[in-house]
Structure formats: structure tokens, C-alpha cells
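Asks: Annotation source Swiss-Prot lists active site at Lys12, Asp137, citing sequence analysis. The ATP binding site feature in Swiss-Prot is assigned to Pro95, Ala96, Gly97, Gly98, Gly99, Val100, Gly101, Gly102, Gly103, Ser104, Ser105; the stated evidence is sequence analysis.
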Amino acid sequence: MTEWSVWPAPAKINLFLHVLGRRADGYHELQTAFQLLGYGDRIWLRPRVDGRVERCSHLPGVAAEDDLTVRAARALQAATGSAGGVDIHVDKRLPAGGGVGGGSSDAATVLVALNHLWQTGLDEEALAGIGLALGADVPVFVRGRSAWGEGVGEQLRPMPVDPAGSRWYLVVDPGASISTAEVFGAPELTRDTSPITIPDLRAGAVRNDCEPVVRSRWPAVAEALEWLGRHGQARMSGTGSCCFVGFPGEAEAQAALERLPGAWSGFVAQAVERSPLHLTLAEAARTG
């Protein structure tokens, strides 16, 4: 029987999120910066020859047919005509629906890894296109670099880690269940922020336009931001519920994590320019 292989599915945080307006198709025009982190879920894959896609792990509240990892594998089959199948096991370490890209990153990892394991030969552009049909955040994980994002977040430009900025992040999940649809549908949401440039980000002239809505409707997020604010400039990632604060070094971030209130969960992770997934892919290609 073919052996299992393990592939990383890294987290992301949104260093800012500006809502520029609403598009004719109902989606919102956004600007954001995706910062990839060196921590995330782990995806175990075992190719099979019968063409079946089987989920071997349980994700509470998500049927196998709706699981993004299963959908990603089947989307790759449909796009390439591959007869390959796969068993999928997800070691879930990122909070579901937390704004750190857990499900999107898992889907991207399945696409990238199976493209290698099944030898389907798609390039990055084609994989990103398949990913976009699964979710707006999937392409940034497929491309595997921290990036400046526009459109609905799918228009990407690689963005280096700021050498003068934070290198380590404490990410906190206060456990709130945020409805992204409710946030973007809120009448009080700011929808007319002016476009900015990367130098504006470096200067700190940024915010998360969704944060005031989430603060007012989900008090747990407001409490987490207040607590993190004691350690630096606290921000919310995406539409939450995860919030974060940056540190220059790992020791400072770990010290703050140790003081985390018991009702919350969190992790410390390093900012990375290149995804751990792509480093794993390069090693797999090198060793055959």
C-alpha cells in the first residue's frame, strides 16, 4: 500500500483589511496584506488507485461532501481527468472560521500536494484558478508567498516581510463564532476607504474596517483585542474571531502566550515570506 505523506497548511493573518466599496456582483472590493505564518494544520495524504477520495478524519459539523479538502481533490480530478484517488487526514490545529485561513489553506495544500503526487502537471496559475472557485483566500496559499491582495483578495503581489516590522506573532482565538456574511452585510460597515500603497502599510496607516462591527456584536473579540493591546498594536485577522499582536522576538511572544486567559486558545508563529508548503514541495521534488 502507498505510504502516507504529510504536508503543511500554514496560517495567515491579515495585517490590515480595507473595504473600498461594493462591486456590481455583490462582493466587496478589498485591499489587504496576507502575512503567512510558520504554523498551521497538517494534511496527511495517501494516494489510492481506485479514484476514490476518502476523508479519514472527522471535522465536527462538516460533512465529507462539504469539506474543502475533499472538494479540492475532486476539483483537481475534474480539471485534469486524473484517475488517482486519495485518503485525506487533517491534523487540525487552526480554529475553524477564525480568520486565519484554516480551511482555505487546507484546500490549497491538497491541490498543490496532489498535483505532485498524482503527477497532473498543472502550473501555479492553473492551480490558483481551481482554488479561487473553492474560496477567495485559497489562491494566496496556492502561490505560497506573503502578498498584497486586492479585488476580493485574489489579485496578489508578493510582499516581503518588513525587516523593521514584527517577526513573531501571538495569535489568540477568543472562541467567538463570527458570521462573515453578517459582518459584510452590516449597515454600519465602512465601505469607502481610500486605496493605499505598501509604504502606507509600513507607516502604519492601516486598520481592519470589519473590526468595529465585530467588536460591537461579539464582545469576546473586543475583550481579546483589549488584552492583546497591553502588549502592542492589536489587530483582528479577516472577519475574526482570531486577533493578533506582533513582537520582535519569539521569547517575548511566548511570554505573552503564557499569560493568556484560560478561556482562550492561542499560538505563537513566525512571519515567513515563503510558505512551508512550498518548501516541502521543493524537497519532495528534489528527493523524488
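Including glycine, each Cβ sits where the backbone N, Cα and C put it.
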Asks: For Gly101 (ATP binding site), which DSSP three-state class applies?
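Replies: Once the DSSP labels are grouped into three classes, Gly101 (ATP binding site) ends up as coil.
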Asks: An 8 Å radius from the center of the Pro95, Ala96, Gly97, Gly98, Gly99, Val100, Gly101, Gly102, Gly103, Ser104, Ser105 Cβ atoms defines the neighbourhood of the ATP site; name the other residues of that chain inside it, in order.
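Replies: Leaving out the recorded residues gives Ala11, Leu94, Cys242.
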Asks: Per DSSP, to which secondary structure element type does Lys12 (active site) belong, with helix, strand and coil as the options?
Replies: strand
Asks: What is the one among the binding-site residues Pro95, Gly97, Gly99 whose Cβ has the most other Cβ atoms less than or equal to 10 Å away?
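Replies: For the binding-site residues Pro95, Gly97, Gly99, the Cβ with the most other Cβ atoms within 10 Å is Gly99.
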Asks: Report, in whole Å, the straight Cα-to-Cα distance of Asp137 (active site) from Ser105 (ATP binding site).
Replies: 8
Asks: Out of these binding-site residues, Gly101, Gly103, which one has the fewest other C-beta atoms within 10 Å of its own C-beta?
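Replies: Output over binding-site residues Gly101, Gly103: least Cβ neighbours within 10 Å is Gly103.
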Asks: Round to a whole number and give the Cα-to-Cα distance in Å for the pair Gly101 (ATP binding site) and Asp137 (active site).
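Replies: A Cα-Cα distance of 7 Å.
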Asks: How many Å separate the Cα atoms of Lys12 (active site) and Asp137 (active site)?
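Replies: It is 10 Å, counting Cα to Cα.
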Asks: Just to be sure I understand the packing, how many Cβ atoms besides its own are within 10 Å of the Cβ of Ser105 (ATP binding site)?
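Replies: There are 29 such Cβ atoms around Ser105 (ATP binding site).
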Asks: Around the Cβ of Lys12 (active site), how many other Cβ atoms lie within 10 Å? Please give the count over every shown protein chain.
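Replies: Its Cβ has 27 other Cβ atoms within 10 Å.
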